[in-house]
Protein chains: 2
Amino acid sequence: MASSGSQTKTRGNHSGHFVQPANPNVATMPEDVLYHLSLSTSTHDLPAMFGDVKFVCVGGSPTRMEAFAKYMAKELGLDHPGAEYPNICAGTDRYAMFKVGPVLSVSHGIGIPSTSVMLHEVIKLLYHARCSDVTVIRIGTSGGIGLEPGSVVVTQQAVDASFSPMFEQMVLGKRVVQRTDLDQELAKELMQCATDLPEFPTVLAKTMCTSDFYEGQGRLDGALCSYTEKDKQDYLRAAHAAGIRNIEMESSVLAAMCSACGIPVAVVCVTLLNRLDGDQVSSPHDVLVKYQQRPQRLVSHFIKKSLSTVW
Amino acid sequence: MASSGSQTKTRGNHSGHFVQPANPNVATMPEDVLYHLSLSTSTHDLPAMFGDVKFVCVGGSPTRMEAFAKYMAKELGLDHPGAEYPNICAGTDRYAMFKVGPVLSVSHGIGIPSTSVMLHEVIKLLYHARCSDVTVIRIGTSGGIGLEPGSVVVTQQAVDASFSPMFEQMVLGKRVVQRTDLDQELAKELMQCATDLPEFPTVLAKTMCTSDFYEGQGRLDGALCSYTEKDKQDYLRAAHAAGIRNIEMESSVLAAMCSACGIPVAVVCVTLLNRLDGDQVSSPHDVLVKYQQRPQRLVSHFIKKSLSTVW
């Protein structure tokens with residue numbers, strides 16, 4: 001496994017770091033059916049379809065990831081009349097995938113398991129397609145802690161519900177723990193890009209990744225709740241004191257899996273509410289839509305800057 | 001919390017067991033925004049929209065849950081010309097929901113976190129709508145262990161990756177463990193219905209619920225794999241010896257959350273492959289589609305029988 005530093009160097013130097021799964025079996029499989037993407041090495045020419053991918057942007061909602069693909073097409077000057085960006089995974093409704101030049105935009109649904117299925121298959125796709133120097137960025141939504149709603153958080157480190165930089169998984173019935181480090185150089189570059197976009201605040205901070213939106217994030221408004229308002233406030237304030245500024249449900253598995261395969265990864269989420277003030281996501285629809293465009297704006301700016309200077 | 005026996009009695013006797021969240025806060029909220037369903041108590045007349053719901057059928061794929069709604073409309077004689085069953089959650093792409101008479105058909109995406117978000121909001125929806133005598137049934141897909149592909153498994157008990165009937169969750173940063181019992185009477189009734197449908201095999205068995213489709217289920221074909229073919233076979237054979245006949249990713253949270261709210265719940269999944277023979281889901285599309293109709297067939301038969309005899 002490459003260290004974070006060497007990954008960054010590889011990325012910056014454009015030196016042909018090919019995507020490689022952390023599983024030797026994949027190289028010897030006569031066929032690889034990427035079942036949840038409705039793609040296969042025997043029915044699709046993956047190198048021709050995906051060989052030039054350099055940025056894989058992922059987010060929960062298929063509609064949002066389609067909107068991001070269209071936005072990137074415009075930003076990269078690829079939205080000429082008649083240009084279409086159809087859903088490449090149209091054969092399934094599990095995930096949606098769109099490609100615009102070097103940018104792949106993929107939905108991952110809600111939560112770690114849904115994200116891990118997509119990541120397993122997308123990493124294998126990138127390998128089969130012989131992609132090199134790929135960066136993965138999540139553009140998502142989150143709950144903020146002590147931030148003005150609409151603030152963007154670039155994740156410095158993904159932590160679990162106990163505030164530890166760990167991702168725990170069951171493998172063959174045994175607990176396996178992996179670290180959840182993100183690419184520090186990439187996070188720094190994203191923060192530099194943020195200074196060019198002063199119209200919304202962006203901070204670098206820890207992100208807490210949970211497996212439930214209600215009890216798992218200390219909400220009082222779920223179908224189940226076994227604690228008091230004070231317990232909740234104590235928990236969120238302890239998270240804030242530990243340097244956590246937002247809560248979402250996917251960052252740790254992205255960090256763990258991409259790191260294990262030597263792929264630089266970043267997480268950029270907007271906060272839809274300040275959890276110290278409440279639990280419900282009740283801002284008007286148009287305000288939420290505007291907020292959700294902010295990570296797209298920042299990541300688009302980063303991609304354009306990377307393409308013009310590095311690649 | 002009602003015992004499994006009393007739940008069943010309530011269901012059978014049609015005695016007005018109203019859905020009640022395990023959270024007293026819900027009753028006192030001036031508004032409840034069911035954010036991921038794009039519904040709210042202040043913008044939707046939930047009792048008028050959902051008050052007559054008796055069966056909530058859930059499954060991963062939105063398309064499959066729409067197909068199930070159409071199939072139920074036909075089976076219940078509600079598919080008169082011009083009848084439409086639009087997606088009630090059209091304001092979001094997180095989940096899809098369809099209603100056909102007393103049957104609600106809802107998608108839950110992949111995995112426990114995605115399913116728990118939907119369940120929190122659907123249980124609150126059923127409460128706000130003043131629904132009574134509701135049964136929840138998951139109709140899903142799974143990997144089989146030692147069964148002919150296409151076999152249907154009615155879950156007797158959901159177990160975790162260590163084969164224990166437990167669902168572990170982090171609440172305010174602490175591990176909380178809940179039991180994963182399903183309604184035994186309901187499972188028995190479903191098995192009785194299965195004897196009327198001899199065209200496919202149905203078994204009553206334990207179901208293993210995991211948080212990952214690849215390493216979490218002992219697959220050798222993911223982007224990551226840290227064990228051998230022998231390790232995998234040992235694990236799957238140990239699962240088989242423990243009475244497990246299929247593996248999926250949602251049953252334990254359904255069991256835990258519905259039980260906590262006193263709602264009878266069942267899990268009915270078809271097996272798409274026999275994991276002792278391989279890892280890839282590579283059967284032809286039309287075969288997989290045919291398999292996926294089997295749980296729908298069985299649950300439709302159960303619902304029709306229930307409506308004609310009990311309700």
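Heads up, the Cβ atoms here are built off N, Cα and C, so glycines get one too.
Predicted, not measured: the structure shown is a model, and the values here were computed from it.
Database features (TrEMBL):
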BINDING   B:ARG94, B:ARG138, B:ILE139, B:GLY140, B:THR141  phosphate binding site
BINDING   B:GLN217, B:ARG219  substrate binding site
COMPBIAS  B:1-10  compositional bias 'Polar residues'
DOMAIN    B:54-304  domain 'Nucleoside phosphorylase'
REGION    B:1-23  region 'Disordered'
Compute the C-alpha separation of B:GLY140 (phosphate binding site) from B:GLN217 (substrate binding site), stating it in Å without decimals.
17
Can you tell me the three-state DSSP label for B:THR141 (phosphate binding site)?
strand
Highest Cβ count within 10 Å among the binding-site residues B:ARG94, B:ARG138, B:ARG219: which residue is it?
B:ARG138
B:ARG219 (substrate binding site) to B:ILE139 (phosphate binding site) - Cα separation in whole Å:
23
Please report how many Å separate the Cα atom of B:THR141 (phosphate binding site) from that of B:GLN217 (substrate binding site), as a whole number.
14
Among all the protein chains here, how many other CB atoms are within 10 A of the CB of B:GLY140 (phosphate binding site)?
26
Long-range same-chain neighbours of B:ILE139 (phosphate binding site), Cβ under 8 Å, sequence gap at least 6?
B:CYS57, B:VAL58, B:GLY59, B:ARG64, B:PHE68, B:VAL268, B:CYS269, B:PRO295, B:GLN296, B:VAL299
Just to verify a number: CA distance, B:GLN217 (substrate binding site) to B:ARG138 (phosphate binding site), in angstrom, no decimals.
20
In the structure shown, which of the binding-site residues B:THR141, B:GLN217 has the fewest Cβ neighbours within 10 Å?
B:THR141
Could you say whether, by DSSP, B:GLN217 (substrate binding site) belongs to a helix, a strand or a coil region?
helix
Sites among the binding-site residues B:ARG94, B:ARG138, B:ILE139, B:THR141, B:GLN217, B:ARG219 close to chain A [C-beta, under 8 Å]:
B:ARG94
